[in-house]
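As recorded in TrEMBL, the features of this protein are as follows:
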{"type": "TRANSMEM", "residues": "A:32-53", "note": "transmembrane segment"}
{"type": "TRANSMEM", "residues": "A:81-108", "note": "transmembrane segment"}
{"type": "TRANSMEM", "residues": "A:114-132", "note": "transmembrane segment"}
{"type": "TRANSMEM", "residues": "A:139-160", "note": "transmembrane segment"}
{"type": "TRANSMEM", "residues": "A:180-203", "note": "transmembrane segment"}
{"type": "TRANSMEM", "residues": "A:224-247", "note": "transmembrane segment"}
{"type": "TRANSMEM", "residues": "A:259-282", "note": "transmembrane segment"}
{"type": "TRANSMEM", "residues": "A:318-337", "note": "transmembrane segment"}
{"type": "TRANSMEM", "residues": "A:343-365", "note": "transmembrane segment"}
{"type": "TRANSMEM", "residues": "A:385-403", "note": "transmembrane segment"}
Amino acid sequence: MKRFLAIALGILTAIGGFVDIGDIVANAEAGARFGIAHAWVLLVGVIGICAYAEMAGRVTAVSGRPVFDLVRERLGPRVALANLAGSLLVTVLTLGAEIGGVGLALQLATSVDYLLWVPVVAFVLWAALWRAKFSVLENIFGLTGLVLIVFVIAFFRLPADYSSLWQQASHPGPPTGEDWGTYWFFAVALFASALTPYEVFFFSSGAVEERWSSKDLLTSRINVFVGFPLGGLLAFALMLTSATVFHPLSMSVDTLSQVAMPAAIALGKLGLAAAILGFFAATFGAAMETGLSTGYTVAQYFGWTWGKLRRPRNAARFHTVVMIGILAGVGVLMTTIDPIQLTEYTLVFSAVALPLTYLPILVVANDRGYLGNRVNGRLANTLGVIYLLIVFAAAIAAIPLMLTTRMGGG
Amino acid sequence: MLIGFDLLDRQIIDRDGAPVGKVDDVELTYDDTGTPHVTALLLGQAALGDRIGGLLGRCIAGTARRLSGSLDRPPMRISVDLIDHVDSAVNLTVNRALLQDPPLETWLRDHLIQRIPGATHES
């Protein structure tokens with residue numbers, strides 16, 4: 001059991017990236033509109049985040065420095081500040097969206113409007129980040145989020161048309177009635193969500209919170225190579241069930257309740273209950289990840305004391321930033337903006353933050369001053385450079401695609 | 001050792017590994033022959049803002065000075081004698097408690113965090 005719990009950090013990090021509220025709906029929407037023609041994007045995303053999270057975990061375990069320390073050391077205070085601004089906007093907007101997402105999951109269970117749940121969720125979230133142990137949080141929400149496996153089971157219970165699914169996956173492109181612009185918009189959105197900057201911030205800071213050292217390199221690798229593929233699998237299951245149920249009917253998906261439908265159709269009430277529980281845990285886990293990341297990035301940029309391994313009074317500025325982050329997220333939600341759409345806007349800010357986050361990781365992972373003989377091998381460097389180019393391309397393409405397709409509206 | 005590459009913007013940690021701050025700037029002193037020597041590390045957002053410069057830097061430094069409670073307080077200074085060694089961080093020979101506390105941390109602790117139940121609780 002202890003071995004199993006040791007990978008909770010990787011699982012929770014991956015859930016926050018792959019199946020947070022925006023992605024739960026985006027994956028199902030892509031499945032309904034395009035079938036599983038975006039399956040390759042998830043695969044590309046999983047390999048990319050594995051490559052970079054492995055580097056980040058290794059650097060942190062060996063040198064004790066989390067990712068944002070490296071960003072400022074290698075890029076200098078000005079460029080790092082631009083990264084801080086971009087990634088903070090991504091993180092706080094996503095935090096707001098996740099609080100709304102928890103509200104939406106509770107709305108499914110209780111029929112009470114999600115906006116009424118928002119203050120309650122925000123308070124419980126803050127209290128959890130204030131009092132609960134880091135390991136307790138990651139174990140509860142990382143593992144409960146795995147209940148989303150219900151969508152994998154649901155897929156095998158549904159009468160799927162395997163030949164047409166294979167046709168969609170092996171011939172990527174828009175089906176009749178959709179155009180290439182929207183196809184690529186969804187591809188960029190799903191790819192960017194796999195590599196969101198707060199994932200590496202959270203993963204490496206979590207490694208410091210758990211006091212990883214060179215001895216924990218294996219733990220770090222298992223976290224990366226089990227956690228992220230598992231996150232990718234959950235995202236794929238959402239796309240797959242939606243492609244099975246909605247795509248043949250040419251229906252579109254835009255609410256959380258529709259996403260849960262395939263589980264209900266295949267497994268009845270219990271399937272629906274498991275889906276709602278999974279949505280709740282995944283969005284709450286993502287809210288914790290983004291809430292803590294807000295504090296982590298600001299504190300690490302300025303060199304303040306941070307972390308849940310200290311008493312709050314010994315990390316006053318860190319806890320103040322986390323509080324401000326939660327309040328800002330609630331403030332955004334109270335404008336009654338759709339929480340599901342909110343995470344799509346973060347694409348714009350990801351475009352700034354992504355290259356500026358991954359470049360310093362790649363540079364430091366080759367620095368013997370930090371890593372001694374544990375620097376990158378040829379495989380890690382090849383993947384690192386290829387993904388840096390893909391990230392640049394996605395960053396450049398994101399905004400024009402968003403404008404021309406009106407956020408994938410077609 | 002290169003000041004820009006190996007020293008500036010590094011994390012400073014005390015003898016027990018607790019974070020103290022960043023090397024936001026360095027103090028240079030010229031000896032008799034006119035050769036500059038690093039004599040101290042300067043910490044704090046005011047020093048950082050002055051180093052960044054321009055409108056943005058002035059904003060950061062101005063805000064930091066306002067939040068510190070006194071407009072002409074000099075930045076926190078750590079003499080190079082206190083440096084044990086520099087690796088992925090600047091390691092000091094002393095405990096953090098012997099250094100001055102950053103003013104914003106103290107203010108937030110006393111006026112906000114300390115007043116919330118559970119602030120001193122080990123989580």
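Each Cβ is built from the backbone N, Cα and C atoms, and glycine gets one as well.
Taking residue pairs at least 6 apart in sequence, the transmembrane segment (A:318-337) and the transmembrane segment (A:81-108) share three or more C-beta contacts under 8 angstroms. Pairs of Cβ atoms less than 8 Å apart link the transmembrane segment (A:32-53) most often to A:224-247, out of A:139-160, A:224-247, A:385-403. With a cut-off of 8 Å between Cβ atoms, the residues of this chain six or more beyond the transmembrane segment (A:259-282) that come close are 15, 19-21, 24-25, 28, 101-102, 104-106, 108-109, 140-141, 144-151, 153-155, 157-158, 234, 238, 241-242, 244-245, 253. Under 8 Å from some Cβ of the transmembrane segment (A:139-160) lie the Cβ atoms of residues 5, 8-9, 11-12, 15, 19, 230, 233-234, 237-238, 240-241, 244-245, 262-263, 265-267, 271, 274-275, 277-282, 284-285, 288, all in the same chain and six or more residues away from its ends.
When Cβ-Cβ distances below 8 Å are used as the criterion, the transmembrane segment (A:318-337) is approached by residues 91-93, 95-100, 115, 118-119, 122, 125-126, 129-130, 290-292, 294-296, 298-299, 304-307, 312 of the same chain, each at least six residues removed from its ends.
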